[in-house]
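The domain 'CheR-type methyltransferase' annotation in TrEMBL covers B:1-267. Per TrEMBL, the feature S-adenosyl-L-methionine binding site maps to B:Asn76, B:Thr78, B:Arg82, B:Glu120, B:Asp146, B:Arg219, B:Asn220.
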Amino acid sequence: MALKKSLTPTATPVDERRIPRDLAGLLTALNDPNPLVRRWSARDLIQYPTAAAALIEQLDHETDPSVNEVILTTLTHLGDDIAVSGLINCLRSENVWLRNQAIEALKQMPNAIAPLMERLLNDPESDVRIFAVNVLESLRHPHVEDWLIKVIASDAHINVCATAVDLLGEVGSSRACSALHELKARFPNEPFIQFATDLALKRIGTGCH
Amino acid sequence: MSVTSISDEDFLKFREFFYRKTGILFENSKRYFVDKRLLERMEANDCDTFNTYFMMLRFQASGEELQALVNVMTVNETYFFREDYQFACLVNSMLPELIARRDSYQPLRIWSIPSSSGEEPYGIAIYLLENWPSLVSWDVEIISSDIDTQILYQAQRGHYSQRAVQNLPAHLLNKYFRREGDSYYISQMLRDAVAFTRVNVMEPAEMRLYRGIDVIFCRNLLIYFDDLSRKQAAESFYDALAPGGFICLGHSESMSRISSLFRVRKFPEAIVYQKPWGR
């Protein structure tokens, strides 16, 4: 026995890809009892722009986390309206893992999520509004600061405001100063808001006192 | 007028952001290194203030400047036995676990990607020959891949400078290299032991050819990808691995930040990531 040169890169036949790779074949494979086949199907569906609805439907009942993870990656790649609205629905899921993965996925889709952000930030559920602020954390979009300023200026829920203030400390400019001062005045008896706002003001620095 | 220093607050703000994006945490002791490179990038982009630069870094749709900054903040050099604590982990922890659960004498398969000019795959081969007595009982295949055909050609030639072999003790240099002037030529035996292939990690059709791999070394590659590409690559590696297979990343990289598919394994020598058994 020794070091031995591999003659081919593939050690095992790729049985899980035996089903035809056209759209119909892949959609059938998405319901295969073997998670490996479902995972490969979810991955190969990346080349079919109309696959988002089937993938979203699969997310609802898929039990294997490794399949779910690939579905989310494919949806992020497809990035159409159906994919985005499906991911937004995941923000309401009781499944913490799925919710967090959806937040991560939406962060990668600035142009697709931007037109829907106002609606999300005004959602009746405070948890959804917090998750929307979480999406803003890494969103590459020029309106992030504006959205955050609106949140701290108008959201009645302390936890939503606290989440937004944390982020404003990183991305805020002098434009956020007056809203930050007003926020302190709105929650005078909330030590965390006082602390987080002072920290954000300090970080924004010049012109914010 | 260009800015000549980075304030403490700005450094902290940058440090948190950069850590979130890359997993690289700069201690205060690295302040000079970080500040110098930040100032250079600010000047290159005509940014008068740190905030202007930071906002560009944070919101630029293409992510181009973040990538440029990652490039200057990470030292990308390769040499034999770089981060060899992972090789120690390979022979002391990963391979013993893999063979303990193996029910046949099928070859163990190690994949080194990117191959760069070959220091890593040949280094793994040398380390196994020198430090893994079980090699008498097991066949090991080492495959090494890169997207760059020119660098693959260099790797196959196995021709190195003094700098590339500086970490190798003299007895290994004598044993596995032929010296000509300031150049070192890897032995034919090692050239025959490593299979070099071209692969694009982002191309699923190419990646799916690689299956049943027991250990992947993918060090300091994913850091240069954007978040989505990094996740896709991790998922392809997951499918390339045999159940129970391991993936080793660079010391500043963390799979936990990329994908939740893998288990974190803390071995005495290193932290590596494992595809769960039975998957």
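In case you wondered, yes, glycine gets a Cβ from its N, Cα and C as well.
Reduced to three states, the DSSP call for B:Asp146 (S-adenosyl-L-methionine binding site) is strand.
In this view, B:Asn220 (S-adenosyl-L-methionine binding site) is surrounded by 20 other Cβ atoms within 10 Å of its Cβ, with every protein chain counted. Along the domain 'CheR-type methyltransferase' (B:1-267), the predicted structure has mean pLDDT 91. Close to B:Glu120 (S-adenosyl-L-methionine binding site) in the fold, though at least 6 residues off in sequence, lie B:Thr78, B:Arg82, B:Ser112, B:Ser144, B:Phe217, B:Arg219, each with a CB less than 8 Å from its CB. Residue density at B:Thr78 (S-adenosyl-L-methionine binding site): 16 other Cβ atoms are found within 10 A of its Cβ, drawing on all protein chains shown. Long-range C-beta contacts of B:Asp146 (S-adenosyl-L-methionine binding site), restricted to its own chain and to partners at least six residues apart, with a cutoff below 8 Å, comprise B:Ile113, B:Pro114, B:Ser115, B:Ser116, B:Leu152, B:Ala155, B:Phe196, B:Arg198, B:Val199. A simple way to gauge crowding: the CB of B:Arg219 (S-adenosyl-L-methionine binding site) has 23 other CB atoms within 10 angstroms, across all the protein chains here.
In three-state terms derived from DSSP, B:Glu120 (S-adenosyl-L-methionine binding site) belongs to a helical segment. A 10 Å cutoff on Cβ-Cβ distances gives B:Arg82 (S-adenosyl-L-methionine binding site) a total of 18 other Cβ atoms nearby, all chains included.
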